[in-house]
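**Q** Below are the structure tokens for one structure; questions will follow.
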């Protein structure tokens with residue numbers, strides 16, 4: 001193959017050529033020659049490089065410089081240009097002797113990634129991992145993961161690569177979980193996240209706490225309730241509720257949301273109710289109550305919408321008197337069969353909008369009572385909250401009596417916040433209001449036997465009891481009460 005005349009050594013090159021004839025294996029001489037011809041066209045430098053590499057095929061310095069110049073040539077060319085094929089061939093030739101040099105592999109792999117040669121790039125990455133020692137694998141894995149995360153790479157390929165990477169470095173499992181979520185592979189993402197949470201030795205390289213990871217798992221399970229199977233979602237979320245005291249409201253709503261997405265609406269209601277009766281902070285209660293009321297409102301709206309549609313369908317349908325069990329086509333359609341067979345059956349009545357509205361109204365009416373229960377769970381010895389609870393049931397004496405009974409049974413006078421004797425007095429006055437003096441006296445009699453923190457509380461009870469007797473003209477009884485109140489207590493009472 002004849003070369004153009006300009007590619008032959010010129011008069012200025014003769015000095016270097018003569019030196020190289022005397023010592024063709026000197027890297028220093030070849031390098032000086034290349035530096036001296038740095039302004040020459042690349043074709044001429046290409047011949048010098050090829051001659052130098054033929055003499056010194058194991059020189060990293062020459063190969064690196066040659067490949068960098070080759071890369072500069074193709075930088076602004078389209079990936080379909082023939083120069084890219086030449087570049088790839090040069091890299092392959094370099095790797096015959098440079099296969100232990102990670103820098104050469106990385107240069108080659110980055111240019112293959114740009115060329116979008118999926119299979120060739122994947123195989124080259126695998127060759128690099130086979131050729132290099134394990135201590136240098138982290139330099140290859142980084143661009144490998146970037147490559148498999150690109151758009152257009154088959155999901156199965158990316159999955160297999162990530163799974164292999166986790167065998168090399170299990171600490172990067174969070175990156176894999178993130179990839180699974182981005183790829184809509186909810187099942188495996190949930191399983192991997194659950195395994196991370198079960199691992200007591202796990203340490204997040206991204207600085208995420210166990211609590212944060214737990215919330216991510218709950219969100220994943222509830223948002224994709226129908227796609228994820230094989231995990232006991234109820235047990236997982238309840239475990240989180242027991243373990244983490246903050247964000248309890250959010251976890252309860254997540255669990256209810258899971259059942260809503262599974263179309264188990266009654267179960268969702270049970271969860272909302274359970275959540276509202278167990279949380280101990282007003283913030284958590286508000287989160288659950290708002291979600292519950294929103295759920296009930298949406299159910300009512302959906303039902304009204306469906307009713308309008310079903311009314312139109314009924315007008316179009318004709319009456320069919322024959323036995324529907326004989327209609328094979330209808331039996332195959334489960335929804336139509338159920339609609340026909342249960343028609344007129346009150347438990348299967350679709351028109352239950354009134355029931356749903358009543359349920360929503362009942363929920364709204366219960367809000368003050370439920371909120372008060374939350375405050376009492378925070379401190380059951382708070383006298384003021386018990387008084388407020390009684391006031392909520394104004395007009396319902398049965399409820400008020402039950403509340404007072406619960407209050408005096410629950411409150412420990414030694415731990416009470418406020419004056420516990422006021423509850424006994426208000427309890428007795430409730431009976432007095434309804435002209436039931438016998439029960440009022442029973443309440444006062446029990447009240448004076450309670451071991452109060454201060455004597456003033458006991459004295460107030462005796463005084464209130466006497467005043468009640470005076471109001472009802474029972475002067476003799478009042479006088480007897482005062483005698484009892486001022487008598488010296490027995491030895492046993494003193495000891496107590």
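All residue numbers here begin at 1 and follow the chain in the order shown.
For all residues, glycine too, the Cβ spot is worked out from N, Cα and C.
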**Q** Of the residue ranges 230-260, 261-291, 292-322, which one carries the coiled coil annotation in TrEMBL?
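**A** Result: 292-322 is the stretch TrEMBL calls coiled coil.
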**Q** Based on DSSP, tally up the residues of the domain 'Pre-mRNA-splicing factor Syf1/CRNKL1-like C-terminal HAT-repeats' (413-494) by helix, strand and coil.
**A** 57 helix, 1 strand, 24 coil
**Q** Mind looking up the mean pLDDT for the domain 'Pre-mRNA-splicing factor Syf1/CRNKL1-like C-terminal HAT-repeats' (413-494) in the predicted model?
**A** 80
